[in-house]
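Shown next, in structure tokens, is the structure this report addresses.
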Amino acid sequence: MRLTQMPSEFQKALPVLEKIKEAGFEAYFVGGSVRDALLHNPIHDVDIATSSYPEETKQIFPRTADIGIEHGTVLVLDGDEEYEVTTFRTEDVYVDYRRPSAVSFVRSLEEDLKRRDFTVNAFALDETGEIVDLFHGLEDLEKQVLRAVGVASERFNEDALRIMRGFRFQASLGFALEPETFKAMKTLTPLLENISVERTFVEFDKLLLAPFWRRGLASMIESQAYDYLPDMASSQDKLNRLFDLETDFTFESSEQAWAALLWALEIENAQSFLKSWKTSRQFAKQVQDLLIILALRENGELSKRDCYRFDIDLLLQAENLRQAQGKEVNPQAITEKYQSLTIHDKKEIQINGGILIKEYGYQPGPDLGEILTEIEFAIVDGELENNREAIHAYLREKK
């Protein structure tokens, strides 16, 4: 099969392929970018595979960087663009179900494609637009099926993260998992305990943000993979609560998705749960803030202080999630209340601790912090104007 029109992302990278071929080697576009081109989906990263060994690749191009040369990858700098060029390779026995004990460079495209995870990710595309399809991936693409390359159990034993990737691809593409592939995934889910939490988080996060997240999550639940994820053992019934969200609902952000997950799981200690997933502090705080906003909304409308406390984006994401839960919402009222605030950050207050110490005799400590907070909330509540005259008058009254 030949692409009738080469996507612009590939056209831009063609000079790299052509230079490698002029040097006497093979070179192809590979991986998800080829799949996305065939599906007419947006193309993100353009990856190139070649028969040239890393040192040979570096001799072809004047500007390169070693980013994973032990695995055969050289970063080629072509004008303003950067491309990862990786040597065809085979992999030895995998250690800990996550990484090969050794990588061997080869000259064979077929040997390289054999080690890919799913047939729809095992395409190669040459400079003429010709598709190399050694594992009937085009047929699977047509049937919208996710099938492991070769023997499914071998692929998942090599790298157990591929199990989570299978659920994630199902969520992003909306494809069905081929029965033997899914059977192997279900059998080998205990291997997920060998995968780093960080890698698992990335795949689970992508699953939740995907347009067909319900399909991916349903397969994950059916496989009982959750039993091998941090703090999620025996959580099937609670995970199913996510399916109570509106049918066509998709998450706006990772923070919103994980807030929904914690809501579904009825997690009492969000901080501990997110720590077990090794998320960043900033991410954990935003997820917890969303949960706090949701709890506040359960008790009625948000106050001015509530709107001041949180970023408007989080306030609206919480409202969006409430709507998906089938609850009453009023995003316009929240936006108007937020916009009506005199200040949105205490740094905007027209007085500071230094002035209070110098002009009013306050000493650093709890009393100073207390009066500053009092001024801050008086301004937020609309009881005090945010200008020096008004604040000084307020302070004189306090004295």
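Placed from the backbone N, Cα and C atoms, the Cβ positions cover glycine too.
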Candidate sharing the CTP site with Gly32, Arg35, Asp159, Arg162, Arg165, Arg168 (per Swiss-Prot), from Arg2, Arg116, Arg214: Arg116
Residue, out of the binding-site residues Arg35, Arg116, Arg162, whose Cβ gathers the largest set of other Cβ atoms within 10 Å: Arg162
Asp47 (Mg(2+) binding site) versus Arg35 (ATP binding site) - Cα distance in angstrom: 12
Those binding-site residues listed as Arg165, Arg168, and which of them has the most Cβ atoms within 10 Å of its own Cβ: Arg168
Candidate with sparsest Cβ neighbourhood (10 Å radius) among Asp47, Asp159, the listed binding-site residues: Asp47
Distance from Asp47 (Mg(2+) binding site) back to Asp159 (ATP binding site), taken between C-alpha atoms, in Å: 20
For Asp45 (Mg(2+) binding site): intrachain residues, at least 6 apart, with Cβ closer than 8 Å: Gly31, Gly32, Ser33, Glu84
